[in-house]
Amino acid sequence: MPKACGVLIFVLYLYQAIGPSVGFGLGGVCPDEHITCSCGQNGATIQVNIKACVHFYRWKPYCKICDKDSFSSEAECQKREFCATCSPNQGESCVSCPPGRFGATTECRGVCQCQNGGTCNTFDGSCFCRDGFTGIHCEIGSAPPTTTRPTTTSTSTTTIATTVAITCPALPNPPNGRVSANTAQAQGSKVTYTCFQGYRLVGPSERTCNDGVWSGQQPHCELIRVTCPTPTAPSNSKIKITSAREEYTPGMRVEFVCDSGYSRHGAALVVECSTSGNWSSTSGRCNRFVTCEDPGLPKNAIRQITVGRSANSVFGRLARGRGRSRLGFVSRSSSTPPPAIEIPDSQVPEGHFKPYTTLVYSCESKHYQLVGGKRRVCLSNGRWTNRQPACVPVCGKSNAPRLPFITNGNVTEIGQWPWQVALYRQTVDKGMALICGGVLLNENWIVTAGHCVVEPGTAFVASTASFRIKLGKYYRDDSLDDEFVQTFQVEEIHLHPSFEPLSLDADIALMRVPDPGAVFTDRVRPVCMTDVVSSDTRVKAGNRGVVTGWGKNENGLYSDELMQAVIPVVDSQVCEESYVTYADLAMPVTSYMFCGGYAEGQFDACSGDSGGPYVFPSGTGDSLRWYLEGLVSWGSPDGCGKANQYGGYTRVSRFIDWMKNIM
């Protein structure tokens, strides 16, 4: 059995190596340690043995008090505090107890209850009663008023009357307190109890001597648990919370931090809970200093930040996200900021700037234009100069080198009409098919004809999942699309509530594509929105606009490239009368519509162009912009390009408020 022998040899070796040197056996007990205590009322100094045990650290033995974690020298010494004298064997027990206590072998913790002058047995507390008294505590009976003591003289015997004094035994001091008198007291005497600082009295504070017995029970002193209330924060500050606390005990420290817009001046904002249950004070304070709150970064904008006179600049840019872009733009002039001055480099809260910080805004690309003052300065009153600018899309701008005012339909140039939308819809047998046109208003919103988004002949809107949107497209054939064509799913469809599927009145719908939406390029740009006043000047009989789309041409075939046609506006009454006169048809033109085309026909919007734009120019040169006035809506039942049978267009200006409310 090699292993067992090995263990035995190791144990014997360990015993031989360390046993004799520290005086312990295999039981693991060391020679006794000792502590010094004060014994009894006279305070005699004794040494009390305490058992010590072996502990090993890195294979070396050490002696430590057994069960050290629960050992308390104070508790050990308290066992001797009631002794009158202690035994010589390290104070293991009391030799005698003081008056009023018993139980020498139990540390004299018993309190005598003998009454009427009875004597207490210091071993078990039993009472030896005076003459005339009986009972366990000598409580029964009475003392004789006189006693006689024969005195022998040469002539006679003299009777001497003696008064018996009734006293109460001396009372011990309660642990952690004291009694006002520690000696026996006469009938009617009173004693009071008090506790040391940090303790409170539990029980009666006063006892009276009645017939040799103290009234009430012996009180005791209980440790007071000192706590501080939740501290009050200095003005303009709050507690710096590190973890939730139910109470604050002496020695705990609490830190405060200044509110936003305030900075600390003077000493640290720290207070400490004292043993008296009060908080220390701090001379630190939070003073307000003027800052300007960060106004934020407009969508599609960048800004340069200059602090004071510093030449160092920081650039910030807002990531593209969902938001509403304005339609069109308005110019505003910027004011001149006040001169910068030196300011102290104080602590500035997050999201704020120091006075005389300058923000200079610009737009992230040429496809946006800054609206409002480009420079803002933080003033000493905490306000910014100018209003927050915005970057709005540059609308209605075409890269075409010339106006397409020719009288017949013709092929456009790539990127000539960057707001043109190709609207696809799921078909039963051919997958996604190009069914309508549309117009790009901003990064997320497209407008088209209402009849393009409903089930045929109804006002029921088709599922958004059945549509796709393409921007920057030129060729009808999808296989010819290049990397500049952007494709989107449809997130929302809003059909005008007044849409009529038979008369095509209020023939307009809005479609939203998911964020981040369209990325503006030379091939993808929004059209400019019209307004009621400007529309009335543009949409007049004889004024010419341009219609674009992939509809059928004069040969009845769908065009392979994006086509354009210059179409003049026709008076609504002339339009209606022409249909009655030449086609025997009643085609009412409502206030939500207008007509366009040529009396001789030939050039017209046609099937496949529905929902496409009818735009009109405004301005010249670099300021030339195209405004959306109409959407291709309806035409002659006899076909496209028929003489005296004009095309019908949705009048967009009548729906501006509805569109803005949705967008």
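Even glycines carry a Cβ here, placed using N, Cα and C.
Just so you know, TrEMBL annotations never went through curation; they're auto-generated.
Sequence annotations record features per position, and here TrEMBL assigns signal peptide to 1-23.
Marked as domain 'EGF-like' by TrEMBL: 104-139. Taking Cβ pairs closer than 8 Å, the domain 'EGF-like' (104-139) reaches residues 79-80, 82-84, 93-98, 164, 166-167, 169, 172, 211-213, 218 in its own chain, all 6 or more past its ends.
Note on C138 (disulfide bond): other Cβ atoms within 10 Å of its Cβ, all shown chains, come to 23. For C129-C138, the entry in TrEMBL reads disulfide bond.
Summarising the annotation, TrEMBL assigns domain 'Sushi' to 166-223 (among others).
Feature annotation from TrEMBL assigns domain 'Sushi' to 226-288 (among others).
Summarising the annotation, TrEMBL assigns region 'Disordered' to 328-347.
Annotation comment: TrEMBL describes 332-393 (among others) as domain 'Sushi'.
The domain 'Peptidase S1' annotation in TrEMBL covers 406-663.
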Across the domain 'Sushi' (226-288), DSSP labelling yields 0 helix, 24 strand, 39 coil
What number of additional C-beta atoms lies within 10 angstroms of the C-beta atom of C129 (disulfide bond)? 20
Average pLDDT across the domain 'Sushi' (226-288)? 82
